[in-house]
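Trainee: Below, the features straight out of Swiss-Prot:
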ACT_SITE  Cys132  active site, proton donor
DISULFID  Cys132-Cys135  disulfide bond
ACT_SITE  Cys135  active site, cysteine sulfenic acid (-SOH) intermediate
Amino acid sequence: MATLDAIREALPEPARDIKLNLQAVLQPGTLTPAQRWGVAVATAAAARNERLLAAVLADARAEVEPAVVEDALAAAAVMAMNNVYYRFRHMVGKASYAEKPARLRMNRLVKPAASKVDFELFALAVSAVNGCETCVRSHEQVVVAGGLSEDQVHEAVRIAAVLHAAAVSLELAGYAAVPSAAAAAG
């Protein structure tokens, strides 16, 4: 994980916990390499930090097939749309909106390049990052029905949380070095 090692080293001191967690969550566990790296790619894309995404993509491409990376990126793209749409319907809470057809194309959900269950796991992780309760519940039901355990779901969401925190922490790097007003006046 040479590229993510550089990301970890770039994290400022206030993000020390994130630095340690970033190393830990991508170690082998209950997820397959395709699941682990797919979740990492999808959630790094959802976090919208180019530097983090480039690092995760470089490491993922060394570990998994191109179809996994394509599916992870597709999950991030489709969920960027779906999470907004379904979160709106959920938040408004009106039956009239729930009855309206979405009329949004989401063919990749039905026919991913690699594993259907893995794609759903990537979508679940992105939905957790994006805060769409409806999508989280839906994708969690699909992956559990597809044979994944709650431990695997939990591991995926841990990866999502840490990747999101890493993206935020990279943004902090410039601010951590700026002296406070009190120190500057000192």
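Every residue, even glycine, has its Cβ placed from backbone N, Cα and C.
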Trainee: If you draw a 10 Å sphere around the Cβ of Cys135 (disulfide bond), how many other Cβ atoms fall inside it, taking every protein chain shown into account?
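Mentor: Step by step: centre on the Cβ of Cys135 (disulfide bond), count other Cβ atoms within 10 Å, giving 22.
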Trainee: Relative to the Cβ of Cys132 (active site, proton donor), which residues of the same chain, six or more apart in sequence, are found under 8 Å away?
Mentor: Met79, Asn82, Asn83, Val84, Tyr86, Arg87, His90
Trainee: What does DSSP call the residue listed as 'active site, proton donor' in the simple three-state scheme?
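Mentor: In three-state terms, the residue listed as 'active site, proton donor' counts as coil.
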